[in-house]
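S.K.: Can you keep this structure in mind? I'll have questions shortly.
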Amino acid sequence: MEWKITDGLTDYDAAVAFMEARAAAIAAGEAEECIWLLEHPPLYTAGTSARPADLTDPDRFPVYESKRGGQYTYHGPGQRVVYVMLDVGKRGHDVRRFVEQLEEWVIAALAEFNIRGEIRPGRVGVWVRREDKPLTLGGQPAEDKIAAIGIRLRKWVSFHGISINVEPDLSHFSGIVPCGITEYGVTSLVDLGLPVTMGDVDVALRQSFERVFGAD
């Protein structure tokens, strides 16, 4: 397993090209699995289920058509993007379980900072309750999304992956309806009052990976 960390901001098209090539090499038995930690410049990506109406400000940032699952999401500075090039075939050929493991991995990493991340039926990603915010219009406790998940598989090897909000400009999410969900907001570790660095998050991800996926 290679853990790859890239400083600075990585061009989106270049990242996709790397992932596609690496996934093909993994499927061919020519490369080891790879977890790639990086940040992108501000941009929006549209997953395979994206609705045009959910792109509310199409001129704000570059928009990329992504072949990952899911709807619209934002990437930008202060957000840890985690691209997972893993052999799902040798991990059981169970895509649903693999997505659950990605969610469990994020939840385990957040727990290192005493943040309780939760999953919700019908809402892929990881959520945190906001007791400090008013109830929703439906009278439910407010919840904000702290991490998004969207993957693609080719020959049973995954690519794309996870984005965790560490300290992004949350106003940048206002140009889309994130993941097609209007009732809930977005948050970050810093927004929750934690002085967490990207390096802290990387350590938490590395430490919690083996607990979820087994030894790398």
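Each residue, glycine too, has its Cβ placed from N, Cα and C.
Residues annotated as domain 'BPL/LPL catalytic' in Swiss-Prot, with sequence analysis given as evidence: 29-216. Summarising the annotation, Swiss-Prot assigns substrate binding site to Arg68, Gly69, Gly70, Gln71, Tyr72, Thr73, Tyr74, His75, Ala148, Ile149, Gly150, Gly161, Ile162, Ser163 and lists sequence analysis as the type of evidence. The site 'Lowers pKa of active site Cys' feature in Swiss-Prot is assigned to Lys145. What Swiss-Prot records for Cys179 is active site, acyl-thioester intermediate, and it gives sequence analysis as the kind of evidence.
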S.K.: Consider each pair of residues in Arg68, Gly69, Gly70, Gln71, Tyr72, Thr73, Tyr74, His75, Ala148, Ile149, Gly150, Gly161, Ile162, Ser163, all listed by the record as binding substrate, and report the largest Cα separation in Å as a whole number.
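M.R.: About 15 Å separates the two most distant Cα atoms.
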S.K.: Rounded to an integer, what is the Cα-Cα distance in Å between Arg68 (substrate binding site) and Lys145 (site 'Lowers pKa of active site Cys')?
M.R.: 19
S.K.: For Ile162 (substrate binding site), which residues of its chain lie six or more apart in sequence with Cβ-Cβ distance below 8 Å?
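M.R.: In sequence order, the residues whose Cβ lies under 8 Å from that of Ile162 (substrate binding site) (at least 6 apart) are Val81, Val82, Val84, Leu102, Trp105, Val106, Ala147, Ala148, Ile149.
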S.K.: Could you round the CA separation between Tyr72 (substrate binding site) and Lys145 (site 'Lowers pKa of active site Cys') to a whole angstrom and send it over?
M.R.: 14
S.K.: Is Tyr74 (substrate binding site) helix, strand or coil when read with DSSP?
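M.R.: In the DSSP reduction, Tyr74 (substrate binding site) maps to strand.
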S.K.: Could you check what DSSP calls Arg68 (substrate binding site) once collapsed to helix, strand or coil?
M.R.: coil
S.K.: If you draw a 10 Å sphere around the Cβ of Ala148 (substrate binding site), how many other Cβ atoms fall inside it, taking every protein chain shown into account?
M.R.: 27
S.K.: For Arg68 (substrate binding site), what is the tally of other C-beta atoms lying within 10 angstroms of its C-beta?
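M.R.: So the number of other Cβ atoms within 10 Å of Arg68 (substrate binding site) is 21.
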S.K.: Taking the Cβ of Tyr72 (substrate binding site) as the centre, count every other Cβ atom within 10 Å, in any protein chain shown.
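M.R.: The answer is 25.
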S.K.: Given the binding-site residues Gly70, Tyr74, which one's Cβ is surrounded by the fewest other Cβ atoms within 10 Å?
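M.R.: Minimum Cβ neighbour count within 10 Å, taken over the binding-site residues Gly70, Tyr74, occurs at Gly70.
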S.K.: Going by DSSP, is Ala148 (substrate binding site) sitting in a helix, a strand, or coil?
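M.R.: DSSP call for Ala148 (substrate binding site): strand.
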S.K.: Suppose you look only at the domain 'BPL/LPL catalytic' (29-216); what would the mean pLDDT be?
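M.R.: Over the domain 'BPL/LPL catalytic' (29-216), the predicted model scores a mean pLDDT of 93.
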